[in-house]
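Student: After the C-alpha coordinates below, expect a handful of questions from me.
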Amino acid sequence: MAASMDGRLVLLTCLLVAPLLLAGGVHGHPWGGLFPQFYDHSCPQAKEIVKSIVAQAVARETRMAASLVRLHFHDCFVQGCDASILLDNSTGIVSEKGSNPNRNSARGFEVIDEIKVALEHACPGTVSCADILALAARDSTLLVGGPYWDVPLGRRDSLGASIQGSNNDIPAPNNTLPTIITKFRRQGLDVVDVVALSGAHTIGLSRCTSFRQRLYNQTGNGMADFTLDASYAAHLRQGCPRSGGDDNLFPLDLATPTKFDNYYFKNLLVGKGLLSSDEVLLTKSAETAALVKAYAADVNFFFQHFAQSMVKMGNVSPLTGAQGEVRKNCRRLNGNHY
Ligand code: HEM
Ligand SMILES: *[C@@H]1O[C@H](CO)[C@@H](O)[C@H](O)[C@H]1NC(C)=O
Ligand SMILES: *[C@@H]1O[C@H](CO)[C@@H](O)[C@H](O)[C@H]1NC(C)=O
Ligand SMILES: *[C@@H]1O[C@H](CO)[C@@H](O)[C@H](O)[C@H]1NC(C)=O
(Lines of atoms letter the chains of each structure in order from A and count residues from 1; the text may use other names and numbers.)
(Lines give C-alpha, C1' and ligand atoms only; values in the text may rest on other atoms or scores of the structure.)
(Ligands and ions follow the chains in the order given, each with its own letter.)
Protein backbone atom coordinates (compact mmCIF):
# COMPACT_ATOMS: atom_id res chain seq x y z
CA MET A 1 0.00 0.00 0.00
CA ALA A 2 2.73 2.44 1.01
CA ALA A 3 4.78 1.43 -2.04
CA SER A 4 1.89 2.09 -4.38
CA MET A 5 1.21 5.46 -2.72
CA ASP A 6 4.88 6.39 -3.19
CA GLY A 7 4.74 5.33 -6.83
CA ARG A 8 1.70 7.49 -7.43
CA LEU A 9 3.29 10.38 -5.59
CA VAL A 10 6.43 10.09 -7.69
CA LEU A 11 4.35 9.89 -10.87
CA LEU A 12 2.27 12.89 -9.83
CA THR A 13 5.37 14.88 -8.98
CA CYS A 14 6.89 14.06 -12.37
CA LEU A 15 3.75 15.13 -14.19
CA LEU A 16 3.70 18.43 -12.34
CA VAL A 17 7.40 19.21 -12.41
CA ALA A 18 8.42 18.03 -15.91
CA PRO A 19 6.46 20.73 -17.77
CA LEU A 20 7.80 23.38 -15.39
CA LEU A 21 11.34 22.27 -16.12
CA LEU A 22 10.68 22.27 -19.84
CA ALA A 23 9.08 25.70 -19.79
CA GLY A 24 11.68 27.19 -17.49
CA GLY A 25 14.81 26.12 -19.31
CA VAL A 26 17.00 23.07 -18.72
CA HIS A 27 20.68 23.44 -17.90
CA GLY A 28 23.41 21.76 -19.90
CA HIS A 29 21.51 22.03 -23.19
CA PRO A 30 23.61 22.41 -26.36
CA TRP A 31 22.20 25.78 -27.51
CA GLY A 32 23.12 28.03 -24.62
CA GLY A 33 19.88 27.42 -22.75
CA LEU A 34 17.60 27.66 -25.80
CA PHE A 35 15.83 24.59 -27.16
CA PRO A 36 13.21 23.95 -29.86
CA GLN A 37 10.63 22.39 -27.48
CA PHE A 38 10.55 25.40 -25.15
CA TYR A 39 6.85 26.19 -25.78
CA ASP A 40 5.64 22.60 -26.29
CA HIS A 41 3.73 22.68 -22.99
CA SER A 42 3.24 26.40 -22.34
CA CYS A 43 2.02 27.27 -25.85
CA PRO A 44 1.81 24.20 -28.11
CA GLN A 45 0.20 26.24 -30.93
CA ALA A 46 3.00 28.85 -31.01
CA LYS A 47 4.95 27.56 -34.02
CA GLU A 48 1.77 26.99 -36.07
CA ILE A 49 0.48 30.48 -35.31
CA VAL A 50 3.74 32.12 -36.41
CA LYS A 51 3.92 29.99 -39.52
CA SER A 52 0.38 30.74 -40.67
CA ILE A 53 0.66 34.51 -40.22
CA VAL A 54 4.05 34.62 -41.95
CA ALA A 55 2.58 32.57 -44.80
CA GLN A 56 -0.30 35.03 -45.21
CA ALA A 57 2.07 38.00 -45.14
CA VAL A 58 4.40 36.47 -47.74
CA ALA A 59 1.41 35.55 -49.92
CA ARG A 60 0.38 39.23 -49.83
CA GLU A 61 3.91 40.41 -50.65
CA THR A 62 6.80 38.07 -51.49
CA ARG A 63 9.42 40.60 -50.33
CA MET A 64 8.16 40.25 -46.76
CA ALA A 65 10.09 36.95 -46.49
CA ALA A 66 13.33 38.87 -47.05
CA SER A 67 12.37 41.68 -44.71
CA LEU A 68 11.63 39.25 -41.87
CA VAL A 69 14.92 37.37 -42.32
CA ARG A 70 16.76 40.68 -42.12
CA LEU A 71 14.91 41.80 -38.98
CA HIS A 72 16.23 38.77 -37.07
CA PHE A 73 19.79 39.59 -38.25
CA HIS A 74 19.52 43.26 -37.24
CA ASP A 75 18.08 42.18 -33.89
CA CYS A 76 20.80 39.63 -33.10
CA PHE A 77 23.74 41.93 -33.94
CA VAL A 78 22.65 44.53 -31.39
CA GLN A 79 22.95 43.37 -27.75
CA GLY A 80 21.95 39.85 -28.83
CA CYS A 81 18.70 38.34 -30.12
CA ASP A 82 16.45 40.18 -27.67
CA ALA A 83 13.89 42.00 -29.84
CA SER A 84 15.58 45.34 -29.07
CA ILE A 85 15.01 46.33 -32.72
CA LEU A 86 11.24 46.22 -32.21
CA LEU A 87 11.04 48.91 -29.52
CA ASP A 88 9.61 52.27 -30.60
CA ASN A 89 10.80 55.62 -29.28
CA SER A 90 9.48 56.32 -25.78
CA THR A 91 10.68 57.70 -22.46
CA GLY A 92 14.23 56.45 -21.97
CA ILE A 93 14.31 54.57 -25.27
CA VAL A 94 15.81 55.77 -28.56
CA SER A 95 14.52 53.31 -31.11
CA GLU A 96 16.96 51.30 -33.21
CA LYS A 97 14.50 51.86 -36.05
CA GLY A 98 16.14 55.27 -36.56
CA SER A 99 19.70 53.94 -36.98
CA ASN A 100 21.63 54.18 -40.27
CA PRO A 101 21.14 50.52 -41.22
CA ASN A 102 17.43 50.53 -40.29
CA ARG A 103 16.08 53.98 -41.20
CA ASN A 104 13.87 53.87 -44.34
CA SER A 105 14.99 50.29 -44.72
CA ALA A 106 14.03 47.81 -41.95
CA ARG A 107 10.47 46.60 -42.45
CA GLY A 108 8.04 43.89 -41.38
CA PHE A 109 7.19 45.36 -37.97
CA GLU A 110 3.43 45.18 -38.64
CA VAL A 111 3.68 41.46 -39.37
CA ILE A 112 5.47 40.89 -36.06
CA ASP A 113 2.69 42.90 -34.34
CA GLU A 114 0.05 40.71 -36.00
CA ILE A 115 1.81 37.54 -34.81
CA LYS A 116 2.13 38.97 -31.28
CA VAL A 117 -1.58 39.77 -31.07
CA ALA A 118 -2.48 36.22 -32.12
CA LEU A 119 -0.02 34.69 -29.62
CA GLU A 120 -1.22 36.90 -26.75
CA HIS A 121 -4.75 35.73 -27.53
CA ALA A 122 -3.72 32.04 -27.52
CA CYS A 123 -1.16 32.08 -24.67
CA PRO A 124 -0.97 35.42 -22.85
CA GLY A 125 2.47 36.59 -21.71
CA THR A 126 4.24 33.46 -22.92
CA VAL A 127 5.98 33.75 -26.30
CA SER A 128 8.73 36.38 -26.52
CA CYS A 129 9.09 38.85 -29.38
CA ALA A 130 12.70 37.69 -29.84
CA ASP A 131 11.48 34.12 -30.44
CA ILE A 132 8.85 35.40 -32.87
CA LEU A 133 11.65 37.03 -34.90
CA ALA A 134 13.66 33.79 -34.94
CA LEU A 135 10.68 31.66 -36.00
CA ALA A 136 9.53 34.19 -38.61
CA ALA A 137 13.02 34.20 -40.18
CA ARG A 138 12.99 30.41 -40.45
CA ASP A 139 9.41 30.23 -41.80
CA SER A 140 10.17 32.99 -44.33
CA THR A 141 13.27 31.19 -45.61
CA LEU A 142 11.36 27.94 -46.06
CA LEU A 143 8.39 29.62 -47.78
CA VAL A 144 10.53 31.02 -50.60
CA GLY A 145 12.41 27.79 -51.24
CA GLY A 146 15.19 27.77 -48.65
CA PRO A 147 16.16 25.20 -46.03
CA TYR A 148 14.33 24.22 -42.83
CA TRP A 149 15.97 24.19 -39.42
CA ASP A 150 14.73 23.60 -35.90
CA VAL A 151 14.70 26.94 -34.10
CA PRO A 152 16.05 26.86 -30.53
CA LEU A 153 13.61 28.87 -28.38
CA GLY A 154 13.34 30.45 -24.96
CA ARG A 155 14.75 33.93 -25.63
CA ARG A 156 13.35 36.77 -23.53
CA ASP A 157 12.87 40.39 -24.54
CA SER A 158 15.18 43.28 -23.70
CA LEU A 159 14.39 46.11 -21.33
CA GLY A 160 16.14 48.61 -23.60
CA ALA A 161 17.49 49.38 -27.07
CA SER A 162 20.84 50.63 -28.39
CA ILE A 163 20.89 52.94 -31.38
CA GLN A 164 24.67 53.23 -31.02
CA GLY A 165 24.96 49.46 -31.16
CA SER A 166 22.76 49.42 -34.25
CA ASN A 167 24.91 52.06 -35.96
CA ASN A 168 28.24 50.49 -35.01
CA ASP A 169 27.73 46.72 -34.91
CA ILE A 170 25.70 46.02 -38.05
CA PRO A 171 28.01 45.89 -41.11
CA ALA A 172 27.60 48.63 -43.75
CA PRO A 173 27.51 47.83 -47.47
CA ASN A 174 30.72 49.78 -48.10
CA ASN A 175 32.66 48.22 -45.21
CA THR A 176 35.85 46.42 -46.19
CA LEU A 177 35.92 42.63 -45.90
CA PRO A 178 38.19 42.75 -42.81
CA THR A 179 35.72 45.13 -41.13
CA ILE A 180 32.78 42.88 -41.96
CA ILE A 181 34.65 39.83 -40.62
CA THR A 182 35.51 41.77 -37.44
CA LYS A 183 31.87 42.76 -36.92
CA PHE A 184 30.79 39.12 -37.25
CA ARG A 185 33.61 37.92 -34.98
CA ARG A 186 32.37 40.34 -32.30
CA GLN A 187 29.15 38.29 -32.29
CA GLY A 188 31.01 34.99 -32.04
CA LEU A 189 30.48 34.33 -35.75
CA ASP A 190 33.27 33.17 -38.07
CA VAL A 191 34.22 33.50 -41.74
CA VAL A 192 31.97 30.60 -42.78
CA ASP A 193 29.07 32.38 -41.08
CA VAL A 194 29.92 35.62 -42.96
CA VAL A 195 29.73 33.95 -46.37
CA ALA A 196 26.83 31.57 -45.64
CA LEU A 197 24.67 34.27 -44.03
CA SER A 198 25.44 36.78 -46.79
CA GLY A 199 23.62 34.22 -48.94
CA ALA A 200 20.40 35.68 -47.49
CA HIS A 201 20.90 38.29 -50.22
CA THR A 202 19.48 35.64 -52.57
CA ILE A 203 16.16 37.36 -51.78
CA GLY A 204 15.02 40.91 -51.17
CA LEU A 205 15.73 44.41 -52.40
CA SER A 206 18.23 47.19 -51.85
CA ARG A 207 17.86 50.93 -52.23
CA CYS A 208 20.05 52.82 -54.68
CA THR A 209 21.66 54.68 -51.78
CA SER A 210 23.18 51.42 -50.49
CA PHE A 211 25.28 50.80 -53.63
CA ARG A 212 25.52 54.17 -55.46
CA GLN A 213 29.15 54.65 -54.39
CA ARG A 214 30.11 51.58 -56.48
CA LEU A 215 28.61 53.05 -59.62
CA TYR A 216 30.36 56.43 -59.59
CA ASN A 217 33.16 56.81 -57.07
CA GLN A 218 34.07 53.57 -55.34
CA THR A 219 37.45 54.52 -53.91
CA GLY A 220 37.26 58.32 -54.08
CA ASN A 221 39.09 58.59 -57.44
CA GLY A 222 35.91 59.20 -59.46
CA MET A 223 35.87 55.67 -60.89
CA ALA A 224 33.28 52.90 -60.67
CA ASP A 225 34.08 49.67 -58.83
CA PHE A 226 36.06 47.71 -61.44
CA THR A 227 34.89 44.38 -59.99
CA LEU A 228 31.33 45.23 -61.07
CA ASP A 229 30.29 43.82 -64.46
CA ALA A 230 30.23 46.76 -66.92
CA SER A 231 26.84 46.12 -68.50
CA TYR A 232 25.25 45.42 -65.11
CA ALA A 233 26.75 48.71 -63.84
CA ALA A 234 25.29 50.56 -66.83
CA HIS A 235 21.89 49.05 -66.10
CA LEU A 236 22.10 50.05 -62.44
CA ARG A 237 23.11 53.65 -63.29
CA GLN A 238 19.85 54.07 -65.20
CA GLY A 239 17.79 53.67 -62.04
CA CYS A 240 20.39 54.94 -59.59
CA PRO A 241 21.62 58.37 -60.73
CA ARG A 242 24.50 60.34 -59.16
CA SER A 243 21.97 62.28 -57.17
CA GLY A 244 18.32 61.59 -56.45
CA GLY A 245 16.48 58.28 -56.58
CA ASP A 246 17.92 57.23 -53.22
CA ASP A 247 14.99 54.92 -52.50
CA ASN A 248 14.78 53.29 -55.93
CA LEU A 249 14.79 49.53 -55.41
CA PHE A 250 16.88 46.81 -57.04
CA PRO A 251 16.94 43.05 -56.41
CA LEU A 252 19.94 41.80 -54.44
CA ASP A 253 19.88 38.69 -56.66
CA LEU A 254 19.11 39.81 -60.19
CA ALA A 255 18.81 36.24 -61.52
CA THR A 256 16.12 34.83 -59.18
CA PRO A 257 15.08 37.76 -56.95
CA THR A 258 12.25 36.06 -55.04
CA LYS A 259 13.59 32.52 -54.76
CA PHE A 260 15.87 31.34 -51.98
CA ASP A 261 18.56 29.49 -53.94
CA ASN A 262 22.31 29.82 -54.66
CA TYR A 263 22.12 32.26 -57.58
CA TYR A 264 23.42 34.98 -55.25
CA PHE A 265 26.77 33.16 -55.27
CA LYS A 266 26.64 32.42 -59.00
CA ASN A 267 26.11 36.16 -59.58
CA LEU A 268 29.22 37.01 -57.56
CA LEU A 269 31.30 34.76 -59.83
CA VAL A 270 30.37 36.94 -62.84
CA GLY A 271 30.70 40.37 -61.19
CA LYS A 272 26.97 40.76 -60.59
CA GLY A 273 26.79 41.11 -56.84
CA LEU A 274 24.78 44.25 -56.04
CA LEU A 275 26.50 45.51 -52.88
CA SER A 276 30.21 46.07 -52.46
CA SER A 277 29.99 43.89 -49.33
CA ASP A 278 28.69 41.07 -51.55
CA GLU A 279 31.36 41.22 -54.27
CA VAL A 280 34.29 41.48 -51.82
CA LEU A 281 33.51 37.95 -50.62
CA LEU A 282 34.88 36.80 -53.99
CA THR A 283 37.54 39.41 -54.64
CA LYS A 284 39.28 40.15 -51.34
CA SER A 285 40.16 36.83 -49.71
CA ALA A 286 40.98 33.34 -50.91
CA GLU A 287 39.18 31.78 -47.95
CA THR A 288 35.85 33.54 -48.58
CA ALA A 289 36.23 33.10 -52.37
CA ALA A 290 36.54 29.33 -51.91
CA LEU A 291 33.27 29.31 -49.96
CA VAL A 292 31.52 31.45 -52.59
CA LYS A 293 32.59 28.95 -55.27
CA ALA A 294 31.55 25.95 -53.18
CA TYR A 295 28.09 27.43 -52.49
CA ALA A 296 27.67 28.41 -56.16
CA ALA A 297 28.48 24.83 -57.16
CA ASP A 298 26.31 23.01 -54.61
CA VAL A 299 23.03 24.46 -53.38
CA ASN A 300 22.64 21.76 -50.73
CA PHE A 301 26.03 22.61 -49.26
CA PHE A 302 24.93 26.27 -49.06
CA PHE A 303 21.58 25.33 -47.47
CA GLN A 304 23.31 23.16 -44.87
CA HIS A 305 25.71 25.94 -43.89
CA PHE A 306 23.00 28.62 -44.00
CA ALA A 307 20.77 26.65 -41.61
CA GLN A 308 23.69 26.02 -39.22
CA SER A 309 24.77 29.65 -39.29
CA MET A 310 21.22 30.92 -38.72
CA VAL A 311 21.00 28.77 -35.57
CA LYS A 312 24.38 30.15 -34.50
CA MET A 313 23.32 33.75 -35.15
CA GLY A 314 20.05 33.09 -33.33
CA ASN A 315 22.01 32.06 -30.25
CA VAL A 316 23.93 35.32 -29.92
CA SER A 317 23.65 36.49 -26.28
CA PRO A 318 20.01 35.59 -25.62
CA LEU A 319 18.30 36.70 -22.42
CA THR A 320 17.00 33.62 -20.60
CA GLY A 321 15.49 32.54 -17.29
CA ALA A 322 14.52 35.59 -15.25
CA GLN A 323 16.38 38.08 -17.46
CA GLY A 324 14.40 40.65 -19.40
CA GLU A 325 10.68 40.04 -19.86
CA VAL A 326 8.14 38.63 -22.29
CA ARG A 327 6.67 41.77 -23.85
CA LYS A 328 2.92 41.93 -24.34
CA ASN A 329 3.41 44.44 -27.16
CA CYS A 330 6.69 44.08 -29.07
CA ARG A 331 6.96 47.85 -29.53
CA ARG A 332 7.13 48.74 -25.84
CA LEU A 333 8.19 47.56 -22.41
CA ASN A 334 5.48 46.02 -20.23
CA GLY A 335 5.88 48.78 -17.65
CA ASN A 336 5.43 51.49 -20.26
CA HIS A 337 1.85 52.69 -20.71
CA TYR A 338 2.41 56.12 -22.25
C1 HEM B 1 27.59 40.72 -44.42
C2 HEM B 1 27.20 41.93 -44.11
C3 HEM B 1 25.90 42.52 -44.61
C4 HEM B 1 25.74 43.76 -45.14
C5 HEM B 1 26.81 44.79 -45.34
C6 HEM B 1 24.36 43.88 -45.50
C7 HEM B 1 23.80 45.01 -46.07
C8 HEM B 1 22.52 45.09 -46.58
C9 HEM B 1 21.99 46.23 -47.27
C10 HEM B 1 22.71 47.54 -47.50
C11 HEM B 1 20.74 45.91 -47.67
C12 HEM B 1 19.78 46.82 -48.46
C13 HEM B 1 19.12 47.77 -47.47
C14 HEM B 1 18.41 48.92 -48.16
O15 HEM B 1 18.98 49.52 -49.06
O16 HEM B 1 17.27 49.24 -47.74
C17 HEM B 1 20.47 44.57 -47.23
C18 HEM B 1 19.30 43.90 -47.45
C19 HEM B 1 19.04 42.63 -46.96
N20 HEM B 1 19.85 41.90 -46.13
FE21 HEM B 1 21.78 42.28 -45.70
N22 HEM B 1 23.71 42.73 -45.19
C23 HEM B 1 24.60 41.87 -44.63
C24 HEM B 1 24.33 40.62 -44.12
C25 HEM B 1 23.06 40.07 -44.05
C26 HEM B 1 22.71 38.92 -43.28
C27 HEM B 1 23.64 38.18 -42.34
C28 HEM B 1 21.38 38.69 -43.52
C29 HEM B 1 20.50 37.61 -42.96
C30 HEM B 1 20.91 36.45 -42.52
C31 HEM B 1 20.93 39.67 -44.46
C32 HEM B 1 19.67 39.74 -45.01
C33 HEM B 1 19.23 40.73 -45.86
C34 HEM B 1 17.98 40.66 -46.60
C35 HEM B 1 17.04 39.47 -46.64
C36 HEM B 1 17.84 41.87 -47.26
C37 HEM B 1 16.66 42.34 -48.11
C38 HEM B 1 15.62 42.96 -47.19
C39 HEM B 1 14.34 43.44 -47.84
O40 HEM B 1 14.14 43.28 -49.04
O41 HEM B 1 13.52 44.02 -47.11
N42 HEM B 1 21.96 40.52 -44.74
N43 HEM B 1 21.56 44.10 -46.56
C1 LIG C 1 13.25 58.73 -32.11
O2 LIG C 1 13.49 60.00 -31.57
C3 LIG C 1 14.66 60.65 -32.08
C4 LIG C 1 14.85 61.95 -31.36
O5 LIG C 1 14.71 61.79 -30.01
C6 LIG C 1 14.51 60.88 -33.56
O7 LIG C 1 15.69 61.46 -34.07
C8 LIG C 1 14.25 59.56 -34.25
O9 LIG C 1 13.98 59.79 -35.63
C10 LIG C 1 13.07 58.84 -33.62
N11 LIG C 1 13.02 57.52 -34.18
C12 LIG C 1 11.97 57.01 -34.77
C13 LIG C 1 12.10 55.65 -35.32
O14 LIG C 1 10.91 57.61 -34.89
C1 LIG D 1 30.48 54.57 -46.66
O2 LIG D 1 29.21 55.16 -46.81
C3 LIG D 1 28.92 56.15 -45.85
C4 LIG D 1 27.45 56.53 -46.01
O5 LIG D 1 27.14 56.82 -47.33
C6 LIG D 1 29.89 57.32 -46.04
O7 LIG D 1 29.62 58.33 -45.09
C8 LIG D 1 31.31 56.80 -45.87
O9 LIG D 1 32.23 57.83 -46.17
C10 LIG D 1 31.58 55.62 -46.79
N11 LIG D 1 32.86 55.02 -46.43
C12 LIG D 1 33.80 54.75 -47.31
C13 LIG D 1 35.05 54.12 -46.79
O14 LIG D 1 33.69 54.96 -48.49
C1 LIG E 1 34.88 61.09 -55.21
O2 LIG E 1 35.04 61.02 -53.82
C3 LIG E 1 36.09 61.83 -53.34
C4 LIG E 1 36.31 61.51 -51.86
O5 LIG E 1 35.11 61.18 -51.22
C6 LIG E 1 35.75 63.29 -53.60
O7 LIG E 1 36.79 64.14 -53.11
C8 LIG E 1 35.59 63.48 -55.11
O9 LIG E 1 35.17 64.80 -55.38
C10 LIG E 1 34.57 62.51 -55.67
N11 LIG E 1 34.60 62.55 -57.11
C12 LIG E 1 33.50 62.58 -57.86
C13 LIG E 1 33.72 62.62 -59.33
O14 LIG E 1 32.37 62.53 -57.40
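Placement of Cβ uses the backbone N, Cα and C atoms for every residue, glycine included.
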Student: Select one of THR182, THR202, THR320: the residue that TrEMBL places in the Ca(2+) 2 site alongside ASP253, THR256, ASP261.
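Tutor: Only hit among THR182, THR202, THR320 in TrEMBL's Ca(2+) 2 site, alongside ASP253, THR256, ASP261: THR202.
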Student: What residue among CYS81, CYS123, CYS129, CYS208 is stated in TrEMBL to be the disulfide partner of CYS43?
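Tutor: TrEMBL lists the disulfide between CYS43 and CYS123.
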Student: For CYS240 (disulfide bond) and ASP253 (Ca(2+) 2 binding site), determine the Cα separation and express it in whole Å.
Tutor: 17
Student: Please report the three-state DSSP label of CYS208 (disulfide bond).
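Tutor: Reduced to three states, the DSSP call for CYS208 (disulfide bond) is helix.
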Student: Rounded to an integer, what is the Cα-Cα distance in Å between GLU96 (Ca(2+) 1 binding site) and PRO171 (substrate binding site)?
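Tutor: That comes out at 15 Å between the alpha carbons.
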Student: Cα within 10 Å of CYS76 (disulfide bond): which of the binding-site residues ASP82, SER84, THR202, ASP253 qualify?
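Tutor: Near CYS76 (disulfide bond) by Cα: ASP82, SER84.
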Student: Among the recorded positions SER84, PRO171, THR202, CYS208, ASP253, ASP261, which have a Cβ atom lying under 6 Å from any atom of ligand 1?
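Tutor: The ones that qualify, in sequence order, are PRO171.
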Student: Among all protein chains shown, how many Cβ atoms are found within 10 Å of the Cβ of CYS240 (disulfide bond), not counting that one?
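Tutor: Around the Cβ of CYS240 (disulfide bond), 24 other Cβ atoms lie within 10 Å.
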Student: Write down the Cα-Cα distance for ASP75 (Ca(2+) 1 binding site) and ASP253 (Ca(2+) 2 binding site), rounded and given in Å.
Tutor: 23
